[in-house]
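Novice: Below are the structure tokens for one structure; questions will follow.
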Amino acid sequence: MQLPRELKYAAIAGGVALFGLIFGWVLFPTILKSQLKKEMALSKKTDVRKMWEKIPFALDFKVYIFNFTNAEEVQKGATPILKEIGPYHFDEWKEKVEVEDHEEDDTITYKKRDVFYFNPEMSAPGLTGEEIVVIPHIFMLGMALTVARDKPAMLNMVGKAMNGIFDDPPDIFLRVKALDILFRGMIINCARTEFAPKATCTALKKEGVSGLVLEPNNQFRFSIFGTRNNTIDPHVITVKRGITSVMDVGQVVAVDGKTEQTIWRDTCNEFQGTDGTVFPPFVPETERIESFSTDLCRTFKPWYQKKTSYRGIKTNRYIANIGDFANDPELNCYCAKPDTCPPKGLMDLAPCMKAPMYASMPHFLDSDPALLSKVKGLNPDVTQHGIEIDYEPITGTPMVAKQRIQFNIQLLKTDKLDLFKDLSGDIVPLFWIDEGLALNKTFVNMLKHQLFIPKRVVGVLRWWMVSFGSLGAVIGIVFHFRDHIMRLAVSGDTKVSKVTPEEEEQKDISVIGQAQEPAKVNI
């Protein structure tokens, strides 16, 4: 039996609508997820792997230094008055070197290398890096704080050593060019032959102090970031490639061959999260994105804040802070003991960096108000000083990231050292950094063409197919049954009587009605 033409058209249109439903809402999402799982894994064939190994554009690395405008008064115990100088802008190029794949457990090992170039044009107006800044002497304070914590009986000898190494300093402050303390380095004189300076310098060589580089003639050069510049980091990091399971991509599983740290307590020693340069796809808003910082030896777990967009791509914004170790059970294990945590918003970096420093949010944002009251000149603002990531949830791509951390030090107060006996003992800021990532137009367009344009086309096409297919099916069915529908419509409004031929012959006009008498008209 051959179908009527109208039903054929209806069947074809219905098939189009059904295909739109199946392809648009079932097949395409499945194909997309399958393809993304392949593309987002760190296999040698993917673009993600190439970009993960060497970011093809520079990150923004900004440094803000706190200049102590009343150093002489602070030496006598006064409240520091600070003036922020910056940003000093550096172009930061990141790459991973000595990369090795391990097929047996789906991991990669690598080391990091960062290269910094000073960019005066992007720095604050007038800053050249040659400005003299006045800050607490990081190296001198570091020596005193470390000995006071670990070997307090040795403080007297350290005092003599500092007088020899630093030529009888008048106070605990450093007056130095900005670029010297940041990258170029300042000379630490270890050529003295007296016992105390010589013994101290020998210990420095043996322990390998962070930021210290041995120079000829028994000299050291000290800077904050100089040892990182164009230097291969000695730590070997192991992460998951995500080929077996894309949700594990970038997950840190070991550092220097060890699957756990030994510097904290309990679960804080675990490696949780990715290495911060790649994240898994398909992460819902209800879940946190986790990354492990090898610089700070801890995991950060930003939480969802709001919907955002970047260059036409919808993103989710996640934010984070240092945390409150005393009152957050998940973070308490970062304290040496449960009841000896630093104030809210501070993290003791000594176990990680081997230097007596504290990390916080810039300007003590989200920190104990008491910290802010100990200094003048700080103005915390979440827009300028917060940590945030604009994250594309389908691919797991960080579109915009702003990592902001402030480094602080304690003005040690002790009667065993003349230079330290009148200090306040408070924790004060030294500088803060703003490391920023923003995908440029080239990579945003690449992401759009590979993912979002096809996704939008399919999104429009599926609705077109369902809408017009359904409409075509309805029209075809209506046309096929139009005569029957019309008869039904007529029968509902008109009564029809069946008349036989015999009845027709017997009918006359009277059946219809009797004749009426003409109306009379009076003339």
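Every residue, even glycine, has its Cβ placed from backbone N, Cα and C.
What Swiss-Prot records for 1-11, 480-523 is topological domain 'Cytoplasmic', and it gives sequence analysis as the kind of evidence. Annotation source Swiss-Prot lists transmembrane segment at 12-32, 459-479. Swiss-Prot lists 33-458 with the feature topological domain 'Extracellular', giving sequence analysis as the kind of evidence. According to Swiss-Prot, the feature N-linked glycosylation site maps to Asn67, Asn229, Asn440, an assignment based on sequence analysis. Swiss-Prot lists Cys268-Cys333, Cys297-Cys352, Cys335-Cys341 with the feature disulfide bond.
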Novice: Cα distance, Asn440 (N-linked glycosylation site) to Cys333 (disulfide bond), nearest Å?
Specialist: 39
Novice: From the Cα of Cys297 (disulfide bond) across to the Cα of Cys268 (disulfide bond), what is the distance in angstrom?
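Specialist: About 9 Å separates the two Cα atoms.
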Novice: Would you mind checking how many other C-beta atoms are within 10 angstroms of the C-beta on Cys268 (disulfide bond)?
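Specialist: Within a 10 Å radius of the Cβ of Cys268 (disulfide bond) lie 20 other Cβ atoms.
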Novice: Taking the Cβ of Asn229 (N-linked glycosylation site) as the centre, count every other Cβ atom within 10 Å, in any protein chain shown.
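Specialist: Excluding its own Cβ, Asn229 (N-linked glycosylation site) sees 17 Cβ atoms within 10 Å.
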Novice: Using C-alpha atoms, which one of the glycosylation sites Asn67, Asn229, Asn440 comes nearest to Cys341 (disulfide bond)?
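Specialist: Result: the closest of the glycosylation sites to Cys341 (disulfide bond) is Asn67.
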Novice: Taking the Cβ of each of the glycosylation sites and counting other Cβ atoms inside 10 Å, which one has the highest number: Asn67, Asn440?
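Specialist: That would be Asn67, with the highest Cβ count within 10 Å.
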Novice: Using the alpha carbons only, what distance in Å do you get between Cys352 (disulfide bond) and Cys335 (disulfide bond) once rounded?
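Specialist: Spelling it out, the Cα of Cys352 (disulfide bond) and the Cα of Cys335 (disulfide bond) are 12 Å apart.
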Novice: Sort out the sequence-distant neighbours of Cys297 (disulfide bond) for me: same chain, 6+ apart, CB within less than 8 Å of its CB, listed by position.
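Specialist: Looking at Cβ-Cβ distances below 8 Å from Cys297 (disulfide bond), excluding near sequence neighbours, one finds Gln261, Ile263, Trp264, Pro351, Cys352.
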Novice: If you measure from the Cα of Asn440 (N-linked glycosylation site), which of the recorded positions Asn67, Asn229, Cys335 is the nearest?
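Specialist: Its closest listed neighbour, by Cα, is Asn229.
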